[in-house]
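**Q** Quick one: the structure is below, and I'll ask about it shortly.
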Protein chains: 2
Amino acid sequence: MIPSLFTLGNLFFGFLAIIWTMNGNYQVASGLIILSVLMDSMDGKVARKLSVSTDFGRELDSLCDVVSFGVAPAILTYKVLLEGHMGFWGVLLAAAFALCGAVRLARFNVLNITTHFVGVPITFAGGLMALLVLFYQSLPWIVYPIALALLAFLMVSSFKVPKLGK
Amino acid sequence: MIPSLFTLGNLFFGFLAIIWTMNGNYQVASGLIILSVLMDSMDGKVARKLSVSTDFGRELDSLCDVVSFGVAPAILTYKVLLEGHMGFWGVLLAAAFALCGAVRLARFNVLNITTHFVGVPITFAGGLMALLVLFYQSLPWIVYPIALALLAFLMVSSFKVPKLGK
């Protein structure tokens, strides 16, 4: 119950990030996604501490992650940087990021490996994009489509990524 | 593989619906969510026909559903009808719809019942909201927060809903 509240907090902030993106408050939207990363790291910790990891919690976690770290950062990056420079190609690239994130989560849940990650975790990819958008006024725009494409690829790739900081 | 393409089509149109909502094309956004409903009904049919239902497919399906039928209709309804009339309360109501959708999907995957649904399916709830938004110029605005709250409640309720048209 308690870990699920953090998980739902993750989705709540991801949802708010999309609304704030829509209203043009890009830095607040980035901050909300980063807040989702914190919520996401809390739910696992709390679940392990209370020894209440459940299938329900794991399912819910993925469903929230795809929104907060797949869809929300893709929409944010599209709106802030790709729309003006790439038009509809930007929509396709942003959608590809969200789709790769969903594929990664589905594969991770099925493989059920606990010792390491296969491919870059969506929380890392989405959190990094949000962090990059915080500095969109200082970085060249081309950084963003490259980062989005690279992270999308790394999410569905088969690289082993060690788990840090349980 | 082939059913998963329909599933990803579902997410793709749901993602586009959010972008189109952001750009003020509300009727196109509604249409895109309804297109997602069609994609979603296709993937299950194709998977059963080809006898290739997999755990991966089922996981991916839920991940796409939460975006296309939870987040996208909530964002659309908020933007078109709630923002002007309800302000931040509208954000909370729209977020509650998305959160209830995620809880419903997580519960459904864990229960793994195949004979009937427990609670209203998210595809129905999200599809109905998109359909209602198509007629937002003819219906009184109060219909929308009521429908959103009622469907959110019905998704997480424990009513048995018969499965129709396999």
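Note: Cβ is positioned from N, Cα and C throughout, glycine not excepted.
Just so you know, TrEMBL annotations are computer predictions that nobody has curated.
Quick paste of what TrEMBL says about this protein:
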TRANSMEM  A:12-39  transmembrane segment
TRANSMEM  A:87-105  transmembrane segment
TRANSMEM  A:117-136  transmembrane segment
TRANSMEM  A:142-161  transmembrane segment
**Q** Let me spell it out: take the transmembrane segment (A:12-39), skip the flanking residues so only those 6+ beyond its ends count, and list any with a Cβ under 8 Å from a Cβ in it.
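**A** For the transmembrane segment (A:12-39), the list is 6, 64, 67-69, 71-73, 75-76, 79-80, 123, 126-127, 129-131, 133-134, 136.
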**Q** Cβ under 8 Å to the transmembrane segment (A:142-161), counting only same-chain residues 6 or more beyond its ends: which ones?
**A** 74, 77, 80-82, 85-86, 90, 93-94, 96-97, 99-101, 103-104, 107, 116-122, 125, 128-129, 132-133, 136
